[in-house]
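Before any comments, here is the structure.
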Amino acid sequence: MTQTVPYRCGRIAVIGRPNVGKSTLTNALVGTKISIVSNRPQTTRHRLLGIATFPEGQIILVDTPGLHREQKHPMNRLMNRTARGSLEDVDAALLVTESTHWNEEDTLAYNLLNDTGIPVVLVINKIDRFKDKSALLPFLTHINENHTFATIHPVSALKRKGLKTLVSDLLALLPEGGPMFSEDEITDRSQRFLASELVREQVMRQLGKELPYATTVEIEYFTENTGLFRIGALIWVERESQKAIVIGKGGVRLKEIGVKARQQMERLFQTKVFLETWVRVRKDWSNNEAALKTFGYE
């Protein structure tokens, strides 16, 4: 007699310091891009649910901003609060770190998770950088000797390596029960939100080094017609000089941001997109908690 494997469903927080690949991992597990990615800190600023549905169960991933030790900047404080708040009502957590690199921010994240009492799975990301995987052994030994995890998984989120076993172990940590979302849902966020993030992703990719804190994106309009989405996006900066940087000489940079964001939207929304972009100034918005809330930062 064949024994039926029970269906499992639950929420798992994705926690870690900036730039270790949390959003790339979330995208890989969900199977499509819902979280924006760049090599700049503060790329992820909001809590976002990624819904990964499998025959055996449904994993609801709570993608979070990176944890920062430096909290002088209001944006960092806000993102730390968002990350900590994401640990409420989760069944387990993924602590994502970078292969062979463990620093004080990793320890901060580990201690935060250790205090919750929930099962914690360590994901050692970016192992594709190593041709000889035995180079990871000293790091794995150090981790095992000094920390306690439910399981440890070396993976490459970018190359989607090592994810099958990770999914199996994550499902085993979840309670039995039916799915919380339908099979075709991939996130709890609206298309309007995703559009703003895709524009901000291109700003971060092209200007993150020059304007690390100073930009955010607000959707002015979002209309859906058969076969076409019309979207207007405002890119907010803090100085007139920054506005000039975003626009670029002859508007070239702003046009490039718009073209690449539109291409990403068409891929995600599976329809043609007409995208307009503008740049506006609101002085020192990222240092003002009231302004942060106005722009949707929790």
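Glycine residues also receive a Cβ, built from the backbone N, Cα and C atoms like all the rest.
Across the domain 'Era-type G' (8-176), mean pLDDT in this model comes to 85. Sequence annotations record features per position, and here Swiss-Prot assigns domain 'Era-type G' to 8-176 based on sequence analysis.
Swiss-Prot lists 16-23, 63-67, 125-128 with the feature GTP binding site.
Look at Swiss-Prot and you will find 16-23 tagged as region 'G1', backed by sequence analysis.
Annotation comment: Swiss-Prot describes 42-46 as region 'G2', evidence class sequence analysis.
What Swiss-Prot lists as region 'G3' is 63-66.
Marked as region 'G4' by Swiss-Prot: 125-128. Remote same-chain residues near the region 'G4' (125-128) are listed as 20-21, 24-25, 96-99, 136, 154-159, 161-162 (criterion: CB distance under 8 Å, separation of at least six residues from the stretch ends).
The domain 'KH type-2' annotation in Swiss-Prot covers 199-283. Helix, strand and coil residue tallies for the domain 'KH type-2' (199-283), in that order: 38 helix, 30 strand, 17 coil [DSSP].
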For K22 (GTP binding site), the three-state class that DSSP assigns: helix
Around the Cβ of T64 (GTP binding site), the count of other Cβ atoms that are within 10 Å: 28
